[in-house]
Ligand code: FNR
């Protein structure tokens, strides 16, 4: 077997553990939100337009393949399959963090395969919040990327023995945003965001945010399982769910382009996130699970069905455009109402 480095091995472990733990949370907050059924919507399915805006581009479906992987031979194959799906359905796609490719240039091919497989698609580069401008420029050039995701993953770093221990990120984010020629999306990795975080991001001029909430892939669980003594079991519920994060973002949805991800299992979750104000919705774990369990063709059929079902669900709700979903009344569970009151969300 070819030698792979500790960094590359970690990427394989993430994929293995994400799949092993799927679905990570039994109680997903999307189930705490309901629509009101209307029997006479006066609409035809053909009238539904699923286009939306994502990081400065118009996209045909309101969801994208969110950051997952790259860095090893095995993840190169996964990236190729993900890119094939992205191309087939014109979905934007982010690669996993490219910091491994900056440290070990021989692994760059496992990311570049995404551009090779999808030469004209919308591709997002991905790095951590401590990346320098030069590193970010390299990551973007590596993929001819259309945008750059910068991930915020504090709880993950805390649980990793080899994780960072200094968390001064804000000034660097401002620097990246100013210096780079493509849109910068600041994203969480499954712990969600708060009003306060969003205000900080807005204050430095960030325009695009992926809330990356709790409810799906959980990097405290994953990193905990990589530790010998799994000391951080008690942190597994840390963070805001995707629904809570969308509620947190409410007051800022006019000033920030909000995207949502974390725990999306099927098209109704996408529709709920859009109704809560997301402009587009990211999916990682569910697509990874389908690919690993059922293969490329079955996952392609699944995504085909999602694209059709999104249209049907919009018709069910009487909405011709994605934006119109934000006018649907939502009914929240008592637990979410409690959250809304305690966080003074209007
Ligand atoms: C991720 N995610 C991720 N995010 C990121 O910004 N950089 C990365 O390198 C990775 N790596 C990664 C590996 C694997 C195997 C998974 C499943 C996920 C996080 C991902 O983009 C997303 O924010 C979370 O997974 C939550 O969404 P889901 O999985 O619940 O849909």
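Yeah, the Cβs are placed from backbone N, Cα and C, and that goes for glycine too.
Going through 39, 97, 99 against TrEMBL, the one listed in the FMN site together with 67, 68, 69, 126, 187, 217, 263, 264, 265, 284, 285 turns out to be 97. Over all protein chains present, the Cβ of residue 284 (FMN binding site) has 26 other Cβ atoms lying within 10 Å. Taking 11, 156, 157 as the candidate binding-site residues, the subset whose CB lies under 6 angstroms from any atom of ligand 1 is empty. Reported as a whole number, the C-alpha separation between residue 284 (FMN binding site) and residue 10 (substrate binding site) equals 18 Å. Within 10 Å of the Cβ of residue 217 (FMN binding site) there are 29 other Cβ atoms, across all protein chains. Other Cβ atoms within 10 Å of the Cβ of residue 264 (FMN binding site), summed over all protein chains shown, number 27.
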